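J.: Sharing a structure, written as structure tokens. Questions coming.
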Amino acid sequence: MSFIMKPHRHFQRTLILLATFCMVSIIISAYYLYSGYKQESEVSGRASEVDCGDLQHIPSRLMEVRRTMISDASRTDPTVLVFVESQYSSLGQDIIMMLESIRFHYHTEIAPGKGDLPALTDNVKGKYVLIIYENILKYINMDSWNRSLLDKYCIEYGVGIIGFHKTSEKNLQSFQFRGFPFSISGNLAVKDCCINPHSPLLRVTKSSKLDRGSLPGTDWTVFQINHSTYQPVIFAKVKTPENLSPPISKHAFYATIIHDLGLHDGIQRVLFGNNLNFWLHKLIFIDAISFLSGKRLTLSLDRYILVDIDDIFVGKEGTRMNTNDVKALLDTQNLLRTQITNFTFNLGFSGKFYHTGTEEEDEGDDCLLGSVDEFWWFPHMWSHMQPHLFHNESSLIEQMILNKKFALEHGIPTDMGYAVSPHHSGVYPVHVQLYEAWKKVWNIKITSTEEYPHLKPARYRRGFIHKNIMVLPRQTCGLFTHTIFYKEYPGGPRELDKSIHGGELFFTVVLNPISIFMTHLSNYGNDRLGLYTFVNLANFVQTWTNLRLQTLPPAQLAHKYFELFPDQKDPLWQNPCDDKRHRDIWSKEKTCDRLPKFLVIGPQKTGTTALCLFLIMHPSILSNSPSPKSFEEVQFFNRNNYHRGIDWYMDFFPVPSNVTTDFLFEKSANYFHSEDAPKRAASLVPKAKIITILIDPSDRAYSWYQHQRSHEDPAALKFSFYEVISAGPNAPWELRTLQKRCLVPGWYANHIERWLVYFPPFQLLIIDGQHLRTTPATVMDEVQKFLGVSPHYNYSEALTFDSHKGFWCQLLEEGKTKCLGKSKGRKYPPMDSDSRAFLSSYYRDHNVELSKLLHRLGQPLPSWLRQELQKVR
């Protein structure tokens, strides 16, 4: 019995030991599992509630975390889709302003509360490289169908999302984001921000010291995170945490921007807890665009800065530089060279005013000239006169020769090739005499202005090249001739400091790869605000950004500018009378009244010459004088004539006797299919009416071929019409050129759509060419009504049909007629059937598109188009 009991006790003891071992194992496993979970939570917790001093010691795991796919350049267009609350919402406008400033392409849509998203793809290519929501709640609360479509697009094309949280009520808020593993607390005031040095977003932005002080606004949102996919970017302390549930600490730092690494659902996002009023948010916004677009939308870190000091030797007594000021200028130049590679002040002089100050200021003049080799120099005008006030070139040349003589006498270099006009007069709007005189006296190749295309908004300033002189955009820095004393700065000294420390001046440098700053002699005397401004600006840029500041001489700077922006080489002329500042620096001898009120744009061989003849019969309608070089047509907007400038263009038009009732116009039939003409015309004459004539494109093509034969075009004489229109891609160059001139103008819908990009439909009249040929009086009544010209002219009594010519002519006194010249209305064989069939097929799709366009515009279909569409059926 005892023998049987012993094994039984052994067995019990073994079971107890096994059970105990299992329990201990479970407890240990649970402990470590819990510890692991807790550690993971602590990483996220530290990410949302940290001591800024400990940021350097955030676990390196945050840097090594796996990230989702970034946009593939070949699969998406480099365009940003921006969902705004409304067309006029403040934050939406700020977002657009930033995108425009850094010259990124964007498309805006009103964020849909309900309804469909805009098309996100074009065939298999994504239309957008990045999506921005002014209000991220519009994305969060989107209906499931559209949300799934958008998320699928983002995942498939590697597209990220930037969103801003906007608090909707004034009371404190705290809630969980639907479908996301984090919560927010809103409507808070915050202070003392710092940057996470480990954030992969940082590119322009440099993680720096703690920025103490209150941040603008009391509507901040902070993020509380409980998932490792979120990484904080900027932290701040909360100033007003009372009455929040759950409560948050006053002493801890909370994330105001978070980066969703995409581990949760495969989409990377950057979420902002406030708008762009805070300067660090703007910097991170730029970096977020760069990172989420896979650096397709990114800024170089190189910044080129040139500081011009205008008006050297100019100024009233008491506003000029003395010897100590000049020494301070030299010392500061050396100091700035430690932060801005090759930094050199660029001095613009007007020699007439040398030694016109106090005794101390005259000594300052001499000290400047004694240090002439330490600076770069450029000429102003001798007497600081505005060039547009000189109406002849010889007077300008005399002034420039005096200034050059002064320079040679005092050892000032004269070979920099750069000049600036007082008040930017004559640079834009262009005063041709200035450009010619500059080249003859100084061999000027570079200048700058703040006026092209307009002074404001500054983000639209651009460069251009005219008369082989490169014109660069110039920037203001808040210093003008009257800003001499720090305490008397307009709006108070804090306004200047605010501009330097994350304000307008700071972002001028951040957003522009090249900045030429305008300052004045008076800014370097007295309180030396010029030195104060640029020393503090360089310090701030170096502290908070990774930008590489450097200076280049003007010639190198200009070449660098047009390497970066080759599309800006061609100018885009505008009406000087539409901008008061432009009127003030434009010659009083010139008038905008000589610009046309309407344009006849073609296309060729549709009856534009006949229309022109009929138009000038009207007593209130005046045409341009004929051009001797381009078959009477001016051809300004579509050819190199455009680079001659608007003075050249306006010289073709008479001065109207009555600006209100007289209508100037020009007819250039090549405008119709020109790539450049619509944009150029809209810029110079945006209110001009546009008239085009359409005939069957097959007939137009054949007429052009016969026209070229009559002018002995070798290709037209050598090849039949069918050979021309059916030529393949490997045909001889001259044959392909003739083919293009025959066929391309007949793509009517394409060309009209291009004009409609720049002109509203009510400014466009489309004439049926067949009606013009058969019932011109009726058509001319329609034209008069469209133009709004008076008095009404009775074309029924003024036109008569000439059976010999085969078209309508002007009826003169005593029964005589005035018809078009011999080159018009030629008789030639009818088109062969093969060519007719080929062209009918070739233009089929184009004609269908034209019918859709005319239907959209509410215009009737021409009779020839109705006939062609019947063939489609």
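From the backbone N, Cα and C atoms, a Cβ is placed for every residue, glycine too.
So Swiss-Prot lists these for the protein:
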ACT_SITE  Lys605  active site, for sulfotransferase activity
BINDING   Lys605, Thr606, Gly607, Thr608, Thr609, Ser703, Lys824, Gly825, Arg826, Lys827, Tyr828  3'-phosphoadenylyl sulfate binding site
DISULFID  Cys809-Cys819  disulfide bond
CARBOHYD  Asn146  N-linked glycosylation site
CARBOHYD  Asn226  N-linked glycosylation site
CARBOHYD  Asn342  N-linked glycosylation site
CARBOHYD  Asn392  N-linked glycosylation site
CARBOHYD  Asn658  N-linked glycosylation site
CARBOHYD  Asn794  N-linked glycosylation site
REGION    590-873  region 'Heparan sulfate N-sulfotransferase 3'
TOPO_DOM  1-13  topological domain 'Cytoplasmic'
TOPO_DOM  35-873  topological domain 'Lumenal'
J.: Of the recorded positions Asn226, Asn392, Lys605, Asn658, Cys819, which sits closest to Tyr828 (3'-phosphoadenylyl sulfate binding site) by Cα distance?
T.: Lys605
J.: So, in DSSP terms, is Cys809 (disulfide bond) helix, strand, or coil?
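T.: The residue in question, Cys809 (disulfide bond), is strand (DSSP, three-state).
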J.: What is the number of other Cβ atoms found within 10 Å of the Cβ of Cys819 (disulfide bond)?
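T.: There are 18 such Cβ atoms around Cys819 (disulfide bond).
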J.: Expressed to the nearest Å, what is the distance separating Thr609 (3'-phosphoadenylyl sulfate binding site) and Asn794 (N-linked glycosylation site) at their Cα atoms?
T.: 20
J.: Suppose we draw a 10 Å sphere around the Cβ of Asn146 (N-linked glycosylation site). How many other Cβ atoms does it contain, all chains included?
T.: 15
J.: Out of Asn392, Thr609, Asn658, Asn794, which has the highest number of nearby Cβ atoms, where nearby means within 10 Å of its Cβ, if these are the recorded positions?
T.: Thr609
J.: Closest to Asn342 (N-linked glycosylation site): which of the recorded positions Lys605, Gly607, Asn658, Cys819, going by Cα position?
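T.: The answer is Asn658.
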J.: Roughly how many Å separate the Cα of Cys809 (disulfide bond) from that of Asn226 (N-linked glycosylation site), to the nearest whole number?
T.: 85
J.: Do you know which of the glycosylation sites Asn226, Asn342 has the most other C-beta atoms within 10 angstroms of its C-beta?
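T.: Highest number of other Cβ atoms within 10 Å: Asn226.
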J.: Of the recorded positions Asn146, Lys605, Gly607, Asn658, Cys819, which one sits closest to Asn794 (N-linked glycosylation site) when you measure Cα to Cα?
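T.: Comparing Cα positions, the candidate nearest Asn794 (N-linked glycosylation site) turns out to be Cys819.
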J.: With every protein chain in view, how many other Cβ atoms are within 10 Å of the Cβ of Gly607 (3'-phosphoadenylyl sulfate binding site)?
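T.: Excluding its own Cβ, the number within 10 Å is 25.
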J.: Could you check which of the recorded positions (Asn146, Asn226, Asn392, Asn658, Cys819) sits closest to the residue listed as 'active site, for sulfotransferase activity', going Cα to Cα?
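T.: Going through Asn146, Asn226, Asn392, Asn658, Cys819 one by one, the Cα closest to that of the residue listed as 'active site, for sulfotransferase activity' is Cys819.
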J.: Going by C-alpha positions, which of the recorded positions (Asn146, Asn226, Gly607, Asn658, Cys819) is nearest Asn392 (N-linked glycosylation site)?
T.: Asn658
J.: Could you tell me the mean pLDDT over the topological domain 'Cytoplasmic' (1-13), as a whole number?
T.: 49
